[in-house]
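Taken from TrEMBL as is:
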type    : residues           : note
BINDING : 100, 103, 140, 143 : Zn(2+) binding site
BINDING : 132                : Fe cation binding site
Ligand SMILES: [Zn+2]
Ligand SMILES: [Zn+2]
Ligand SMILES: [Zn+2]
């Protein structure tokens, strides 16, 4: 079976870019930290362990390229830091985030869940939805253990 890195390689080739060793090291770091929301500096420090000769500017350019190709999304959780988040393959829309205001943990919701809301917005505002970023702020189950599973 074709691996994720091979498919990303094809995406790059399709846009006339090569998967250079530096780009490959950057993509591997993103894949290894799929659950995380790394800043360019975080990515740079991790890539440096694989490719010590790499510079921050190269990592930045690679991240911008991957953003253009929709391999990653560039997100900002309100702290002024751009973070890079791998897009789920085959997902039409971007996943949602739950940010805990107590411990700062960021969890992801991979299900879109917005079908009904999208229908209402599209018909009421004559607006074709292409994507959305949704971030919930609240208290996670680890910080508030008395919330029962399944309780709404
Ligand atoms: Zn995410
Ligand atoms: Zn959606
Ligand atoms: Zn928490």
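Each residue, glycine too, has its Cβ placed from N, Cα and C.
What TrEMBL says about a protein is an automatic prediction, not a curated fact.
Worth saying up front: this structure is predicted, and the values here are computed from it rather than measured.
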Q. Rounded to an integer, what is the Cα-Cα distance in Å between residue 132 (Fe cation binding site) and residue 103 (Zn(2+) binding site)?
A. 25
Q) Should we count any of the binding-site residues 100, 132, 143 as near ligand 3, judged by a CB under 6 A from one of its atoms, and which? A) 100, 143
Q.
I want the residues beyond 100, 103, 140, 143 whose C-beta is within 8 angstroms of the mean position of the Zn(2+) site's C-beta atoms, in chain order.
A. 101, 102, 104, 105, 139, 141, 142, 144
